[in-house]
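K.L.:
Have a look at this one before I ask anything.
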Amino acid sequence: MKSYEAIKNIDEDEDVEMGKQQISLQTHTQRLLSLDVFRGLTVALMILVDEAGGLLPALKHSPWNGLTLADFVMPFFLFIVGVSLALAYKKLPSRVVASRKAILRALKLLALGLFLQGGYFHRVGDLTFGVDLKQLRWMGILQRIAVAYLLTALCEIWLKADDTVKSGSSLVRKYRYQWSVALVLSGLYLCLLYGLYVPDWEYQVPTEPSSAPMTFSVKCGVRGDTGPACNAVGMIDRTILGIQHLHRRPIYARMPECSINSPDNGPLPPDAPAWCQAAFDPEGLLSSVMAIVTCLIGLHYGHIIIHFKDHRVRMLYWIIPASCLLVCGLSLDLFGMHINKVLFSFSYMCVTAGAAGILFVGTYLMVDVCGYSRLTMILQWMGKHALMIYILVGCNVFPVLIQGFYWGKPQNNLLKLIGVGS
């Protein structure tokens with residue numbers, strides 16, 4: 001599965017421009033290079049996962065329950081978007097104007113996601129491009145980040161009290177309404193995941209053009225199931241979005257039940273269950289609720305940057321919630337609430353957000369405290385141009401551009417010359 005992003009328009013560490021006056025973050029505070037380094041490190045991890053994931057199972061997304069290196073990419077991007085939003089909306093001359101600009105930016109990112117991930121650059125090896133609107137994928141990586149960005153930005157714009165921050169407790173009081181939103185979203189997710197009744201369902205798989213599609217029936221009739229077939233996350237997406245608009249290469253196709261080459265893709269076993277070929281979107285509606293919570297946690301880390309200037313105080317206030325999130329997530333996994341990236345389970349959110357917090361502390365210590373910025377110049381550049389890199393590498397635009405130049409027929413392109421593709 002192709003990984004991930006950060007939009008430059010969103011992740012800029014600047015104050016929002018209001019009217020003719022633009023208040024720059026760099027004018028008032030020293031720029032935190034660790035933000036760019038952290039983002040660049042996540043981009044590098046994305047490239048590593050995309051390009052080398054076929055070589056090492058540890059670099060692939062987990063087929064279902066469990067956690068691999070690839071499963072940290074999306075939460076890390078969401079976390080850093082939240083941190084950047086706290087800095088971008090530090091001063092708000094006009095909440096209405098700020099809200100209008102946040103909505104416009106989210107719509108731009110959503111449209112970009114629909115174009116890049118909705119199906120236009122599909123079947124690159126066959127040199128065929130375009131969008132079948134009947135099968136347009138509504139959700140995706142950029143679409144998820146757009147939703148998380150918008151909700152987090154609106155929380156930051158409208159849900160701040162006027163309390164003066166002098167300690168950790170006063171920080172929580174100032175942003176208590178934002179924490180309430182995070183708690184409500186977490187509760188809503190858990191109630192729907194474990195409380196919704198999932199009935200039996202069926203889907204069709206196309207065969208030869210002249211033959212009728214094959215129909216598969218999946219037996220469910222349960223509540224609270226978190227397996228691939230009968231979870232509420234998939235049911236909500238099938239009901240609201242339509243199964244034809246979901247991701248057609250489900251990650252659970254690499255499970256032992258669905259592939260004789262597991263954990264790689266492969267032919268179906270003779271006794272494969274009926275759900276193995278069903279579409280399932282890893283960036284679906286209900287799972288995106290917990291993505292918003294991850295973004296809100298990053299927003300809290302940004303608030304600490306704004307209100308506390310001492311390095312030790314910052315790192316202390318960062319490391320405590322990060323450690324608590326890690327312990328909570330791992331404990332929940334031991335007691336049966338499994339870490340699951342596809343469902344974006346509560347335990348997965350806790351572990352990945354905690355890991356993001358700890359990595360951010362380490363990056364901040366190395367770059368902004370100890371001053372080892374020259375060693376990370378490449379990562380800084382990658383962090384500042386994350387969206388461009390994602391589009392070129394993560395969305396197949398780079399190979400599309402290369403294949404646009406050929407000799408005689410489209411198959412005789414530069415990729416074939418270097419032994420890549422057909």
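Yeah, the Cβs are placed from backbone N, Cα and C, and that goes for glycine too.
Take a look at what TrEMBL says about it:
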DOMAIN    31-155  domain 'Heparan-alpha-glucosaminide N-acetyltransferase catalytic'
TRANSMEM  32-49  transmembrane segment
TRANSMEM  69-90  transmembrane segment
TRANSMEM  102-121  transmembrane segment
TRANSMEM  141-159  transmembrane segment
TRANSMEM  179-197  transmembrane segment
TRANSMEM  285-304  transmembrane segment
TRANSMEM  316-339  transmembrane segment
TRANSMEM  345-367  transmembrane segment
TRANSMEM  387-407  transmembrane segment
K.L.:
Residues of the same chain, at least six outside the transmembrane segment (345-367), with any C-beta under 8 angstroms of its C-beta?
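P.N.:
For the transmembrane segment (345-367), the far contacts come to 32-34, 37-38, 41, 67, 71-72, 75-76, 79-80, 83, 186, 189-190, 193, 226, 290, 293-294, 297-298, 301, 311, 314-315, 318-319, 321-330, 332-333, 337-339, 373, 376.
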K.L.:
Count the CB pairs under 8 A between the transmembrane segment (102-121) and each of 69-90, 141-159, 285-304, 316-339, then give me the winner.
P.N.:
141-159
K.L.:
Using DSSP, what's the helix, strand and coil tally for the domain 'Heparan-alpha-glucosaminide N-acetyltransferase catalytic' (31-155)?
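P.N.:
DSSP classes over the domain 'Heparan-alpha-glucosaminide N-acetyltransferase catalytic' (31-155) add up to 87 helix, 1 strand, 37 coil.
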K.L.:
Applying the under-8 angstroms CB criterion, which one of 69-90, 141-159, 316-339 scores highest with the transmembrane segment (285-304)?
P.N.:
69-90
K.L.:
On average, what pLDDT score does this prediction assign to the domain 'Heparan-alpha-glucosaminide N-acetyltransferase catalytic' (31-155)?
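P.N.:
That stretch averages a pLDDT of 85.
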